[in-house]
Amino acid sequence: MVGDKARGEMNAFQRNESKETLFTFISAGDDPPKGDFPVQKKSPKLCGSNYPLSIAFIVVNEFCERFSYYGMRAVLTLYFLSFFHWDENLSTAVYHAFSALCYFTPVIGAIMADSWLGKYKTIIYLSIVYVVGHLIKSVGAIPSLGNQAVHVILSMVGLFLIALGTGGIKPCVSAFGGDQFEEEHTSERNKFFSIFYLSINAGSLISTFVTPVLRGDVKCFGEDCYALAFGVPAALMVLALVVFIAGSGLYRKTPPQGNVLLEVCKCVGFAIKNRLKNRSRQIPKRDHWLDWASEKYSKQLIGEVKMVTRVLFLFIPLPMFWALFDQQVQYSALQVCLLAWGIYVLQPDQMQFLNPLLILVFIPIFDLGLYPLINMCKFNFTPIRKMATGMILAGMAFGLAAVVEVKINESDMPQLVPEESLIRVLNLAKNPVQVTIQDQDLFQQPVEAFQNPVEYSKLILNGEEQSLRFTLQHQGLSLDFNYTVKEKSVYSLIVFEAEGSLSSRLITDLEAKPENGLAAVRFINGLSEDVNLTIDNERFIAVQKNYSASEYSLLERDKYNNGKCITEMGEFTLELGLLDFGASYTIVITNVSGGAVKTWKSEDIKANNVHMAWQLPQYLLISAGEVMFSITGLAFSYSQSPASMKSVLQAGWLLTVAVGNTLVLVVAQAAPMAQWAEFVLFTVLLFAVCIIFSIMGYFYVSVDPEDLEEKEEKRETSSRGNMISLVTKKTKL
């Protein structure tokens, strides 16, 4: 009985667990167990490789999102110029401010991902914000919806939400993709970042070619269809969100680690505060200034903060690369606004497609050809060296951009200075005319009838304005005319016959090339009756009789042979021919014959004669530089960051882009200068920064986060030894 009772009591103890305190030896550097950690599931592999199937959804999502972003951005500058009618400086400033904001907001996304929601939920929630921003931006581009103030407000709100969405998910998507790989598949993970970047540029390539076509070739509301050009990227962002959610069941989802950024800041602050309190020489020095936080924070956290601060310090010179890169992409469209390539004419915003196209070509060439070849030559082409090489190539590209800018300026008007003006003579009479100007030694030879002036001549004045006597000698007769000429102005002296006598007019010409690659045209009516002109079925110009001149009209580059000229005698065909980009024309209506108007066309300002081929070398260099710099930097920042701060350090990498865009704004506003001079300045700055970065990189030693953790554990074990610690464990009796 007693034995049975004892056995029953033992069974009761066996059935019920109790807590008992046991003595266990643990290392001083180890943290007590904090509960069970979730085991990350392994995603199915792609075609028997070591690539998880889940990355296919991430790559497709990135392709659609980048199509959405770059498609919208491709037409943004021209949207400001033509829809809002802002000037080039304001349009460029807002563009760079938006770009900078897109790379400041990754900090917000990184904090949300690593400290609060996790990467997966952060991507979903901010993608919804992204979609809403696109929709508001598209609605704001509908011309019939309110006045310009409404359009500007809607567009700015939409751009802010887009910046918050695209920036917020940017560090999370790349880090989330890296999380899908097991630690032993480091090589595959590095190649994933190349594939990831490939998808970015594939989306950019297609969108920067398609959305300008939607803007320019599709007409809605009677003008360029910006609403459609912004609406299609919005649809692609919706698709990106749907694709990402579809792969939910395959993802390895790393849970957030608490408020990591706050802990890092507290650790840094405590280390600085503790070091300042212990400045006595009697206190032993420590290996690193962050070691002064060891009284309060764990060795593991301190080691991770050391890693992050070392990488962030290395990132300090990098914004200069992005300052040049973003300027090169932005100004390439404005540098040569419309470029002929065979029988096809590129739109200015389509020019940007060359960069992603070259990226798609260079990535496999570099990964499969150039880098293995360099390794065969026994050259240690480290990530730091790759990034420095990319900076050198970008600097060379910007130097070539300065050369192209100088080439473009060759066809521009001479720079006007005080007490000087420019003048030319248009002889619309039937015979040669000798022109003499008071106190000026110009026009030594007679001006032939309808002679196209080669260039303007310089007038030297004795003040801000001066009254000059113009003497015209024609068939033995001499006539004098007095005109007031102002400094820093451009004039045409029109000589013509009226009522059997010689007469003249002094009219004002354009002082500079038309902006944005447009062509400028004005008309002089040589008929004895007023005329009404129609150029493109939308533009109507009224010109009075007897050699009166119209104002300049700005037109896109095209052949205009279907115009109309309406007079008292009837309606006649008006053929203007090709109005080339960047040129200014004066068209004289001479007479009406055979049902058509006879005209004479004079080119006041020469057309841009820079061929597309001039820009190819700089695109080759900047694209090769981007592959070496950006892809390497993306993989480098992931590999050098501890597991709890992947998104934070990715955000730090993207923050260099934001600082670069801000730097462009500061330099452009602080020291306005000629465009070519600004290119040269940034080129010199980038080469100087490249030298600094190379020196910093020489002393940088790459660290594996896991190796660092093991090293810290061993160091703590050797320094403090083993100790007896009480740990509560569950046992069975």
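Cβ from N, Cα, C; glycine included.
On a predicted model such as this, the values are computed, not experimentally measured, just so you know.
The following features are taken from TrEMBL:
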- 67-86: transmembrane segment (TRANSMEM)
- 92-111: transmembrane segment (TRANSMEM)
- 123-143: transmembrane segment (TRANSMEM)
- 149-173: transmembrane segment (TRANSMEM)
- 194-214: transmembrane segment (TRANSMEM)
- 226-251: transmembrane segment (TRANSMEM)
- 307-325: transmembrane segment (TRANSMEM)
- 331-346: transmembrane segment (TRANSMEM)
- 353-374: transmembrane segment (TRANSMEM)
- 619-638: transmembrane segment (TRANSMEM)
- 650-668: transmembrane segment (TRANSMEM)
- 680-701: transmembrane segment (TRANSMEM)
Contact between the transmembrane segment (194-214) and the transmembrane segment (619-638) (3 or more Cβ pairs under 8 Å, separation 6+): yes
Recorded stretches the transmembrane segment (149-173) and the transmembrane segment (92-111) touching, at least 3 CB pairs under 8 Å: yes
Distant-in-sequence neighbours of the transmembrane segment (123-143), which means Cβ under 8 A and at least six residues beyond its ends: 65, 68, 72, 79, 83, 109, 112-113, 117, 150-155, 157-166, 168-169, 172-173, 176, 221-223, 226-227, 229-231, 233-234, 237-238, 240-241, 244-245
Contact between the transmembrane segment (67-86) and the transmembrane segment (307-325) (at least 3 Cβ pairs under 8 Å, separation 6+): no
